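Annotated in Swiss-Prot:
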ACT_SITE  Asp312  active site, charge relay system
ACT_SITE  His352  active site, charge relay system
ACT_SITE  Ser625  active site, charge relay system
BINDING   Gly1409, Pro1410, Ser1411, Gly1412, Gly1413, Gly1414, Lys1415, Ser1416  ATP binding site
COMPBIAS  962-994  compositional bias 'Low complexity'
COMPBIAS  995-1004  compositional bias 'Polar residues'
COMPBIAS  1013-1028  compositional bias 'Low complexity'
COMPBIAS  1631-1642  compositional bias 'Basic and acidic residues'
DOMAIN    280-696  domain 'Peptidase S8'
DOMAIN    1059-1341  domain 'ABC transmembrane type-1'
CARBOHYD  Asn20  N-linked glycosylation site
CARBOHYD  Asn400  N-linked glycosylation site
CARBOHYD  Asn557  N-linked glycosylation site
CARBOHYD  Asn653  N-linked glycosylation site
CARBOHYD  Asn785  N-linked glycosylation site
CARBOHYD  Asn823  N-linked glycosylation site
CARBOHYD  Asn993  N-linked glycosylation site
CARBOHYD  Asn1638  N-linked glycosylation site
CARBOHYD  Asn1670  N-linked glycosylation site
CARBOHYD  Asn1694  N-linked glycosylation site
REGION    946-1032  region 'Disordered'
REGION    1621-1686  region 'Disordered'
SIGNAL    1-24  signal peptide
TRANSMEM  909-929  transmembrane segment
TRANSMEM  1058-1078  transmembrane segment
TRANSMEM  1102-1122  transmembrane segment
TRANSMEM  1174-1194  transmembrane segment
TRANSMEM  1200-1220  transmembrane segment
TRANSMEM  1285-1305  transmembrane segment
TRANSMEM  1315-1335  transmembrane segment
Amino acid sequence: MNKKLFIFGLSLFLFLFIFNLSLSLKLSSKNNFYNHNHINNQIHRNNEGNNKLSKLIHLHNDVIDTTISNRDNILFNKKSLNQKSKGSLFLVHLNGPIEKQVHNELIKQLDQLFNGGEIIHYIPDNTYLISMIGSDNNDNNNNNKIELINRLKELIPSIQWLKPLEPRLKISPLFKQNQFQGDNQNEIDQLRIYYHENSNQQSNDIDNIISESSLTLVEKELISNNNNNNNNVLITVNLKNSKLSLESIIYKISTRSLVYWIEPSSSKLIKHTPSNKFAHYSIQSGSASTTSTPIWDVIGIKGDGEIVGCADTGIDINHCFFYDTNPIGSTHRKIISYSSGNGDQIDEIDGHGTHIVGTIIGSTTVDPSVSEFSGGAPNSKVAFVDLQVGSGNGLSIQSNLTAIYQSTYDQNAKVHCDAWNSNIGPFYTGVTEMIDRFQWDHPDFLVVRSAGNNVNFGFNSIYTLSQESTSKNSLVVGSSNQPSSTYLSSIDYWDWDFIYNSIRTSVCTQGQSIYGITCSDVPTQTTSVDIQTQCCSNPILAKICCSTEIQQQYQTNSTVYSEFIPSLFSGVGPTSDGRLKPDLLAPGSPIISSRSLGPSSTINHCSPITSGIATSALIAMEGSSQAAAVATSAAVLVRQYYRDGYFINGKVNSSVGFQPSASLVKATLINTASINVDSTLEYSQGFGNIQLSKLITTTNAQTTSLDIPSSIEKADPIINTGETNSYCFSLDSKADIDITLVWTDPAGSPLSTFTLVNNLDLALLAFVDGELSIYSGNSETIFKNTSQVIFDQLNNVEVIRIKDAPIGSYDVKIFGTNIVIPNQSYSVVIRTSGGTTLMKESECAQCFYDPNDDQSQMCEFDNGIGTQYCKDDNRFSKCVVYECNTGYVFDNGITKSCVTTLALTLYDIVLLGIFGIIIVGAVIFVLVCYKSKSLDQNKYFSLSKDKGGDGNSIRSNSVAGNNNNNNNNNNNNNNNNNNNNNNNNNNNNNNNNNSNGKQSNIELNSVGGGDDGTPNGDDQQQQNNSPQYDEDGRLISGQEVEISIFEVISLGKPESKILGLALFLSFIDVALGLAVPLVAANIFDYLYAGETGKISTTILTFALIIIGMIIVQFLSGILLALAGHRIIARLRREMFASLLKQDMAFFNERKTGELMSRLASDVSSVRSIISDSIPHMIIQIATIGGTLIMLFIISWKLSLVVLCPLPILLVFSKFYGGYIEVISVKVQDALADAATHAAETLFNMKTVRWFSAEEREVAKFSKLISVSYKIALKMTIWNGIYSSTSGIFEQLSVFILLWYGSSLVSNGDLTPSMLIAFNLFLPFITGAVTQVASLYTTYKSYKGSSYRFFEIMQRVPDIQGEGGITRTKVRGDIQFNKVSFAYSSNPDQLVLEKIDIKFEPGTITALIGPSGGGKSTMLSLIGRLYNIDGGSITLDGTNIKDFNVPNLHEHISIVNQEPSLFSGSIAENIMFGKPTATRSEIIEACKQANAHDFITAMPEGYDTLIGERGTALSGGQKQRIAIARTIIKNPTVLLLDETTSELDVESEKLVQDSIDKLVVGRTVIIVAHRLTTILTADIIAVVSDSTISEMGTPEELLAKKGMFYDFVQIQYGKQGEELDIQLPSNSRNTRNADKLRNRSETIKQIAKINNIIPIHRPQRGDDDNEDDENNSGQGSSRSPPPMWRQAKKNANVNKSMLLTRRNTHVQHQSSSGGWQKGNVDDKLQRVLQKSRKKGFMNNQDHKDIKATLVLY
């Protein structure tokens, strides 16, 4: 019970341990397993950095730590909502990264719960600005909103933090900049107000504030329309007439619930100002000095079919670059639309717009000399928006820039050029948000924007980007210089007057500070003021507008005027959030292009260039605007490159062409760029200068390869959070690698410090020479460790460039790190160049094989997820199940898949059934086919008959002791005195004799007993052979004993059906039990998955299984118990029958108590083996088999490791079982000795009581019991050692499970639920193995204790009980023919030697002689209780060996000296002679036996119970009943063995009378010593010294004066004197009882007349000195000793006969001679008792008799 509690507690602990472990594993599963591969996982989220960063909300006016602020998270009430602007707009922070389904669910719930609530902006990190606007703002609505917010939290558990947007967070940081501080604060004359409008909550409150604050509404524009109910609106208001301070106005507006952003604006300070023969060479060939245009000339791309959008000052449509006779529209050569706010279609003189558009698309058909200065995309057209309000007034940009883009986009313009900027920067403002929003909404629309010209924005920074140029999605271009030769060529194309006047306007009119120039330095141009003179006279102006000074600078200052150097005026990044801007550089100084002549331009004006003199149709300009125009033309060429399919092989292939996205165009331009010079400003060059020639596949014998994933589906790939896309290639030669990733990012929020919304990451994995190198986007670091990779978290452009990349495999990885707005598209361009071969597409390396790192990844599996492991080819192995879905478990057997618990249980039952069928089949085979040696009845029919009659029969040794007197001894007794005898003693006697002389045998008290030695019928010729032993080393009667498992099982054959059914039910119980861990694992899965509703159903299944197990266990237990009871009853019956079939030698060798112990305890042991040990062992083996199946299905690795201690336990159990088997035999033998002693004591209880020997007997019994106790104590100690050792092995297995199993779970090799199941299965197998080991030792113990059972059951008696001839009647003619016989205990000492005697029918033959002479043995041989060693015994001439033994016994009967009665009634004892006898026959027999009278005198008469062994009767009564039993049998041959020797005179007379009646007409053989019995015989045979020394009638023998004569002298006390005895005639005709008795009376009368001769006493009690006390010196005068004594003395010459009863002490004749057996006093007491009964001596004569016997 304690063990079960311990296992249950341990299992519960492990369950909780694994449950907590699995929860932590679930939370970190993305760190342990991989969506695509191990390396992906390691580098995928390194850019997130510290987890704390993902908990921050980055706002311009605050950084909110949600882990600190969440203590009052969503603590909304009426008061707080009123205080927080009624709570219309909220910031909601979620646990990141944010997955697609979370985002979609948030949108859905906002719309449903808040009547059209929506996401307005994303704010890093993981935060959304959302609207939750109700129908009104009353108290009831606020209370309802609290409930809805809490409901939202419940529906979206990933919400970590949620609070209203506070007013302080809505104010732009521009208000704090220098340009709007101090005196300039008054220059803020406008505010831009962004608010969210809902149909349920209009902007009435804002309108009210405008009215109350005396603000003037300048403009109200819809900047985004998210759905039918919600809009984001921009309001621009004028502050000129307001009576309130700026701070008050801002505060009042910020408190409005609908407002989310406020920015400053100023009509005075904020200006939108505009910020190419040689440029063509630069962007196409990479250098202006290389006068080639391969994009135009080699592959023929000039922008055909492309439309460019542009918004600028206007276009001189009469210029030859644009002129067409067709009206502006789709048929116009260059301009398909012209939108002008003023309604004109002209540009100012030297207008910026004309120059920009000419740089992009300008081309002429009039003058070839001018065509050299055509635009970069000369075959393209333009959709133009005129932004100029008036000459010299700059640009008029409407508040909503998206309207500009929409107008050009509607004309199918996909590239738009903005060559202007405001002087606000470099913050991400509402203006920037609009630019990015439009491109997000139109992903094929690319805005190319100038980086701006260097302007001091009023803060201390070298970064000079404008708010527009901080746009993420726009291609922002900075200006780079062209070669000095280009500068010199452009000197005549500068409009110096225009430059001078522009400076004067900026300084004098607009008040701008330019290099410290004052208004007096730039007087108005007049006839008296020459601009060149004015410019050249001023050292500052000389560097700006003095042509000679500038020409000299062009020639001498190579530091500044060199190719690729960023222009000094070009805007420099980064942006305020640290992003890289500008993206690219393009030639912007100088650019010669079309010149506007203003309103006075003439049609198609385009004067030629003659003799190097500049034409008035062209003008040189510089600025980032010109660079933007050049880059725009390059973008147009790239679009055609993809649209017409040039990207495949440089030729038109429209079938593969597609419309590229803006991000692909941008990525391609950046991919071709290169940084050609070093710069002191880190962010000044972006990603370098454009070089489109890199797109050409073959140039100058170098090979360029492009991989454009967007071209596969003709659309950009899509990615979401947690996803990874891979593009892989290999290099066969060294080459340069350029990889560019660009995505159009959702618009950022002006509220946030950081603008990146969707975070993608680029990585390149290089596998070169077995080493892994990792490159990340925008990083120059090469990472070797995946955990150290750092990613760019700011830019939506990422670039990897590798110079001279070595041969190897390369995998490009695009990670969806945190896609907060789902379905982000992206573009990636992969280009290799410089190698001799093309890059080859290859299979992506799914992992990087590292022998020291077991890499794995998750994979899809039916009804579950799996894992894969990295192989040496950098590919993952086959998907192996890691975890099954809820309700499924993994079958690691045949199916290798996730199956239902029921299916796996059935599968296990099937396997277990097959296993059970094999086992049960083997058992049935044994039961049916194996022939049990123990139960085989044929063994009694297969005996070979003795070879009698020739004296040469073969005797086989079957002794349990020593075979001769010279063998070495093995003393296994408890004797206190050692002897020198060579006998093997197995007794507990304390006295040993040192004599080797012949031993005289005591007469057996019953037939087959006596003192002739232990009988044996084995052959004599093999008497010296080595003894035979069984498989365990035990000697067994010369016969092999089978105790194999098959023999044991076969004993249960009659109960095989019951046992088979019990085993079948037990197998069902095992199968049901094996389902329990699986059900428990299923419960764990449901608990783990949170599906608690299904747990109750599973628990019900669990309960049904338990109930089924209880029922099955009950039934199988009943059947096993029933089988056990039937087995024990049957085996006791079988054993008893086997005992009764044994020959008398068997019984002589064993004690009755021992046999009773075997019949009781040994049979119980066998029953325990058959019905307990073996079935339970089979059940436990089945449990082991089924459990092993399940354990190896779950995890073969864990199974092998956990079960490794068990073989040690099994080996230990094997040796321990063998030891227990041996020691169990000793215990059983010791208990048998004790039982034997107890049986003997109880059998002789009267003697014990008379001698008051109770304490002595108890002491002896205690001593014997202590022997078994000591042995059992030793066995108990070993049992304890074994139990503790086996327990240690069990706990060791549990420890290994905890250690190794947890590591397998953490490594993904094992699911948590399966580890739980494994833990629950482990006690099954450890318990079963322990049980098997215990049952094995129990089996060995029972086997040892049941050894004697099998010895008895399998012992084949030497005398065949079955078969042989049968006769219904015999004459009774018995003849001994040279019969020799020796007992098996002393085969060297013949008891009978060549005996020849004949017993004729109708005669009485008396056998007399010294005790131990062989008289009783002869009777036993006649009844064939033993086999003779030589000669033959015949009955009616037929050898008795040929007789059927039971039939032989039907003709022979015996009456023993001590009759054997049974504890039944008198009638039952008499019927033992004839079971079919009637009551009348019984009465008649009793009358003849003189027993009727005393029987009828008893209360119950013949039905009187006489008690055990007839204890209720006297000796004479028992003898007469025995005679009656013989009379009723009516035998032909009657054997009488001292029938009256123990009776008193009266009883003797009655018995003798009954004998006289019995002997008439039969062959009678009498063994007797009383003359009254002997003298009735016809023939007397004296048996002495193993032979018949005398034989004849009594008269003849008396006349011979031989041994019979001496016998008579002893009885009459006339030793040494002549007896004159007259015997009556004893003829057959005159003989009667009276005459026969007269013989005795005559002898007695003669003996009484003579005096008794004095007895000669010896000098020593143990001496045979023949001198008596009175005549010690006259020995010669003594009469010679009688022949009787001489015969005994002659017998001393022979070797002593050994008694073979194992526990009988044997004494030998002393060295001085004489014959005696046992204690002399005991013998004399017996002799005197007999003498008194015979009447030969009175009580006074007993001393003389004693002296005489001692003398002999």
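Any Cβ shown, glycine's included, is placed from N, Cα and C.
Remember, it's a predicted structure, so these values are computed and weren't measured experimentally.
Here the features listed in Swiss-Prot are placed on the structure.
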residue: Asn400; record: N-linked glycosylation site; Cβ contacts under 8 Å, 6 or more apart: Glu221, Leu222, Ile223, Leu234, Met434
residue: Asn557; record: N-linked glycosylation site; Cβ contacts under 8 Å, 6 or more apart: none
residue: Asn785; record: N-linked glycosylation site; Cβ contacts under 8 Å, 6 or more apart: none
residue: Asn823; record: N-linked glycosylation site; Cβ contacts under 8 Å, 6 or more apart: Lys100, Ile718, Asn720
residue: Gly1413; record: ATP binding site; Cβ contacts under 8 Å, 6 or more apart: Val1583, Ser1584, Asp1585, Ser1586
Notebook entry, point to check: When you measure from the Cβ of Ser1411 (ATP binding site), how many other Cβ atoms are you left with inside 10 Å?
Noted result: 20
Check: Rounded to a whole number, how many Å is the Cα of His352 (active site, charge relay system) away from the Cα of Ser1411 (ATP binding site)?
Finding: 157
Check: If you count Cβ atoms within 10 Å of the Cβ of His352 (active site, charge relay system), leaving out that atom itself, what do you get?
Finding: 26
Check: Out of Asp312, Ser625, Asn653, the recorded positions in the record, which is closest to Ser1416 (ATP binding site) when you go by Cα distance?
Finding: Asn653
Note to self: Can you tell me the CA-to-CA distance separating Ser625 (active site, charge relay system) and Asp312 (active site, charge relay system), as a whole number of Å?
What the structure shows: 10
Check: Are there residues at least 6 beyond the ends of the transmembrane segment (1102-1122) whose Cβ is under 8 Å from a Cβ of it, and what are they?
Finding: 1058-1059, 1061-1063, 1065-1066, 1068-1069, 1072-1073, 1075-1076, 1079-1080, 1083, 1171-1172, 1175
Notebook entry, point to check: Which of the listed recorded positions (Ser625, Asn653, Ser1416) has the least company, meaning the fewest other Cβ atoms within 10 Å of its Cβ?
Noted result: Asn653
Check: Under a criterion of Cβ-Cβ distance under 8 Å and sequence separation of at least 6, what residues of the same chain contact Gly1409 (ATP binding site)?
Finding: Lys1415, Val1582, Val1583, Ser1584, Ser1589, Met1603
Check: By the DSSP assignment reduced to helix, strand and coil, which category contains Asn653 (N-linked glycosylation site)?
Finding: coil
Notebook entry, point to check: What is the number of other Cβ atoms found within 10 Å of the Cβ of Lys1415 (ATP binding site)?
Noted result: 29
Checklist line | Protein Cβ atoms within 10 Å of Pro1410 (ATP binding site), excluding its own | finding: 22
